[in-house]
């Protein structure tokens with residue numbers, strides 16, 4: 001397994017060190033096959049018995065990554081070719097070309113820093129322009145049925161499909177912290193007949209800036225803790241809360257009256 005490298009939290013470029021596992025560094029989704037086998041067995045219909053013979057109803061088991069994230073419907077367009085998922089002209093090449101052209105320059109320019117007050121964080125070493133796509137959320141693909149019992153803090157669901165869990169395995173995007181004033185937005189899209197979770201820049205980002213997106217209030221409510229981003233000066237709060245009004249500074253001495261004689 002490949003381990004992540006990190007630098008000091010203050011960004012001085014010193015003390016590069018390996019982050020203890022887990023997490024392990026991966027560039028493509030992984031599959032927890034045992035969980036999917038258990039899922040298929042639990043959902044498999046009982047055999048139907050007829051007078052002539054016992055008829056078994058087979059159910060497809062997720063055995064590879066594409067089984068869990070495949071998209072072939074006519075409802076959503078591919079982000080790359082703009083064709084719908086049921087169009088044969090949309091192929092895996094859309095995914096390969098888009099991710100290579102959009103993500104590779106940024107992926108090689110992300111610096112992980114920490115541990116700090118909020119653990120680790122992701123920073124850019126190059127300027128990034130508004131609207132650029134910078135990465136895909138990568139992790140282990142797990143059944144949605146486990147969300148009530150085994151959901152981690154790195155669990156990101158694709159409705160009706162599966163969940164991406166980057167707690168044990170993932171790429172650099174797992175280190176992006178939450179902010180109530182984010183510079184990145186997360187999108188659910190389709191690329192080359194597959195569901196993807198992508199990150200797009202909301203505004204121009206300068207060298208050294210931290211990359212952040214909004215986790216959402218539901219995330220913090222389920223996790224059982226509050227956001228501590230800089231939008232509220234690091235004070236615990238929930239997304240959507242208004243910053244507490246600052247008390248006026250105390251003054252000393254006599255009040256000076258205008259036009260006093």
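Keep in mind that glycine also has a Cβ here, set from the backbone N, Cα and C atoms.
TrEMBL does not curate its annotations; it predicts them automatically.
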Quick one: which of 35-55, 56-76 does TrEMBL have down as region 'Disordered'?
35-55
DSSP on the domain 'SET' (92-216): how many residues come out helix, how many strand, how many coil?
23 helix, 52 strand, 50 coil
